[in-house]
Amino acid sequence: MGIKTKRWDPTTWRLRDFVNLDEIGPRLWTTFKENWYMGFTSFGGPPVHFKIFRDKYVTKLHWIDETVYQELFSICQAFSGPGSTKMHYCINLIRLGFPPAVLAFFLWSLPGALGMFGLAIGISNVGETLPRAVYALLSGLNAATVGIIALAAVQLAQKAITDKLTRLLVYLGAAAGLLYNALWYFPVLMLAAGVVAVVWDFRWLHPPVLWVVNLVRKKKVKAGDEEREVELREQVPAGSGVEREEAREELRKSQEGQPGSKEPDVAPRSRYPSASVPGDRTSQEQLQQEEEEQEARVVPTSHQINVMSWKSGLALIVAFLASFIAVMLTRGLIPSNPLLYRLFSNLYLAGTIIFGGGPVVIPLLREYIVAENWVSPRDFLIGLALIQGFPGPNFNFAVYLGTLTAINGGYSGVLGGFLGFLAIFLPGIWTVHGTMGLWSAIRGWRWVKSALRGVNAAAVGLIYTAVYRLWQIGWIDEGFSQGKSLADDPWWVVVTAGSYVGGAWFGVEPPVACIFGAVLGLVRYGVVEAQGY
């Protein structure tokens, strides 16, 4: 039998909101037992991580249900910071409390962070070029990762799509993400999707649309009457007034008996039960009853999130905003700050404004690190290729860049890696913890549920942009260390397809698929070398 744990449910602003020590030993052990290996085996980046979390915490352990999972997914994607890391943290926070959630965070993130730190130490001691076999291995990893992410995107879309609206939002989110990329763009897309879902679910556009439709129909009816009157006048023979009236009546009866001549109803009943037509009492009663049912804010016990009070959550968010302002003011007003402080402030800013998770962090870190001439473009791209094959969060890329920045500047690599880790993860974890307090107070509201439905669909659509962007730079070699499209060589297309098919049809786990891709990359290198290309 497993160790039983019970949820803690503080309702006031007090220290217990942050550190609850009831049954702390069993809760910490449960955290370690269920999370110790995830930082070593969760390959494939955020899209795959979300699927892993659903399989483990929803399907297997039943720590949360599907409703809470979808809500957490939307929250973690809609706000800044590492999406999959925040979700892992929140699941453990909801189930086991704050200290176990912190332990789970380190179990999740440290293995990959230590791996990226070791990689940075190694890269700092190599020459300007790498052996071609290494490039082939990295390209194989990238190709396999693309297949894994594509499969995760398809599976998440199947869960997010519940009707025609969410299907359309998934498509539009993916299309918009492919066509343009900017720091402000992803959060605006998700916000717009949430607004669209609210407008659609509340049917705010239905009354004016019905009014326009009815107005057009009335004009058509009036125009038809006038045309018939003209026809009657032309067809009625000359004669006395009585004869003309009798002829007019016979013509009218014959026209009304023809198919399609019946006058349309001026105000037909809408096919939308909630979009009432003025004067339609039945539709109005249905609308009132539906609103009363949907406005109920009683959340079922199985769906409840009791992490902290909303006051404590608000206090955490305000404290973070104060720290962010202080760091940015110091960064801007003191131009002679030491290198390590500028590194910390740049990554702290990146961790605060990154919306969309791992796929977005890469180009942003390029601007904040490579553009400052702290790390060379070659070293940046090597790390970019290898992070796809490392387990855990993609935000560990900041550890790699921080270590190289410190070493290149004459400082300790350990200190640079630590500052990179702290600066990139702290904003997201800090704000999502506070958000959980506010969320528990508003999540039962009807408009919040509607908005989340739209945000969730758009966030899933944006995952497809990660597939495309990695596909475009996944193949690296001596002649094009900046990366080129995997589509330029059929071998990488086969590797990507094999990774997708293996996971979808044969249940191949992501770590096995990554190893499979790396081996096939080396096979291609051996064939090319044997043929003398």
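Each Cβ is built from the backbone N, Cα and C atoms, and glycine gets one as well.
Pulled from TrEMBL:
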- 96-121: transmembrane segment (TRANSMEM)
- 133-156: transmembrane segment (TRANSMEM)
- 168-186: transmembrane segment (TRANSMEM)
- 192-213: transmembrane segment (TRANSMEM)
- 227-298: region 'Disordered' (REGION)
- 242-255: compositional bias 'Basic and acidic residues' (COMPBIAS)
- 314-334: transmembrane segment (TRANSMEM)
- 346-368: transmembrane segment (TRANSMEM)
- 380-402: transmembrane segment (TRANSMEM)
- 414-439: transmembrane segment (TRANSMEM)
- 451-471: transmembrane segment (TRANSMEM)
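Counted over residue pairs separated by six or more positions, the transmembrane segment (414-439) shares fewer than 3 Cβ pairs under 8 angstroms with the transmembrane segment (451-471), which leaves the two as not touching.
Between the transmembrane segment (451-471) and the transmembrane segment (96-121) there are fewer than 3 Cβ pairs closer than 8 Å, counting only residues 6 or more apart in sequence, so the two stretches are not in contact.
Distant neighbours of the transmembrane segment (133-156): 43-45, 47-48, 50-51, 73, 382, 385-386, 388-389, 460, 463-464, 466-467, 470-471, 473-478, 481, 486, 492-493, 495-504, 510, 513-514, 516-522, 524-525; these residues of the same chain sit at least 6 beyond its ends, with a Cβ under 8 Å from one of its Cβ atoms.
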